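Colleague: The structure follows.
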Amino acid sequence: MATEQSYIMIKPDGVQRGLVGEVIKRFEQRGYTLKGLKLMNVEKSLAEKHYEDLSARPFFPALVDYICSGPVVAMVWEGKGVVATGRKMIGATNPLASEPGTIRGDFAIEVGRNVIHGSDSVESATREIGLWFPEGVAQWTPVAKPWIYE
Ligand code: IDP
Ligand code: MG
């Protein structure tokens, strides 16, 4: 099995609203493996680099301020299809369009306070994990693996 990884980040509003455990619970319960985890304040330069594809958008300065407004929880989750499935679990970018049952659909209303980030492709995930975890991630194999994968 290819070990696909995704960069998942609980944004400052998610941390402030006490949603850290709820988000981690959903990824754990689905069967994904936590490979990296840290609570950190974000330098402006890192937020700008993370969202560099959006730098021409009018909301870019507010987005960078939002990401730097309090600590985030930076995570790497691993498992089959975690990038696409993680995006489904997170829901649409605009929470009003997110289905109930998704993280944004259950916990958010506005696009500028949408609680969580998830990589949108395997290539983005590789770039984002390199950016947020230059020190690398943990190596381990969960004992439940044969009970999650056949
Ligand atoms: P995504 O987070 O669902 O991948 P992107 O289009 O990559 O969505 O946008 C990155 C982040 O920028 C969004 O999660 C949201 O916080 C913010 N954002 C996107 N579009 C808007 C907007 O129209 N107004 C304000 N913030 C926005
Ligand atoms: Mg995105």
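Here, residue 1 is simply the first one shown, and the rest follow in order.
Using N, Cα and C of the backbone, Cβ positions are placed for all residues, glycine too.
According to TrEMBL, the record shows the following:
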DOMAIN    3-140  domain 'Nucleoside diphosphate kinase-like'
BINDING   Lys11, Phe59, Arg87, Thr93, Arg104, Asn114  ATP binding site
ACT_SITE  His117  active site, pros-phosphohistidine intermediate
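Mind mapping these onto the model and telling me what they sit next to?
Modeller: DSSP classifies Asn114 (ATP binding site) as coil under the three-state reduction. In sequence order, Lys11, Asp13, Thr93, Asn94, Pro95, Arg104, Ala108 constitute the residues six or more apart from Asn114 (ATP binding site) in its chain with CB-CB distances below 8 Å.
Packing around His117 (active site, pros-phosphohistidine intermediate) is summarised by its Cβ count: 22 other Cβ atoms lie within 10 angstroms of its Cβ, all protein chains included.
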Colleague: Check the binding-site residues Lys11, Arg87, Arg104 for any whose Cβ is under 6 angstroms from an atom of ligand 1, and report them in sequence order.
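Modeller: The ones that qualify number zero, so the answer is none.
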Colleague: Can you name the residues of this chain that are 6 or more positions from Arg87 (ATP binding site) yet have a C-beta less than 8 Å from its C-beta?
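Modeller: Residues satisfying the criterion: Gly118, Ser119, Asp120.
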Colleague: Give me the CA-CA distance between His117 (active site, pros-phosphohistidine intermediate) and Phe59 (ATP binding site), in Å, as a whole number.
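Modeller: About 16 Å separate the Cα atoms of these two residues.
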Colleague: Helix, strand or coil: which one is Lys11 (ATP binding site) in, per DSSP?
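Modeller: The residue in question, Lys11 (ATP binding site), is coil (DSSP, three-state).
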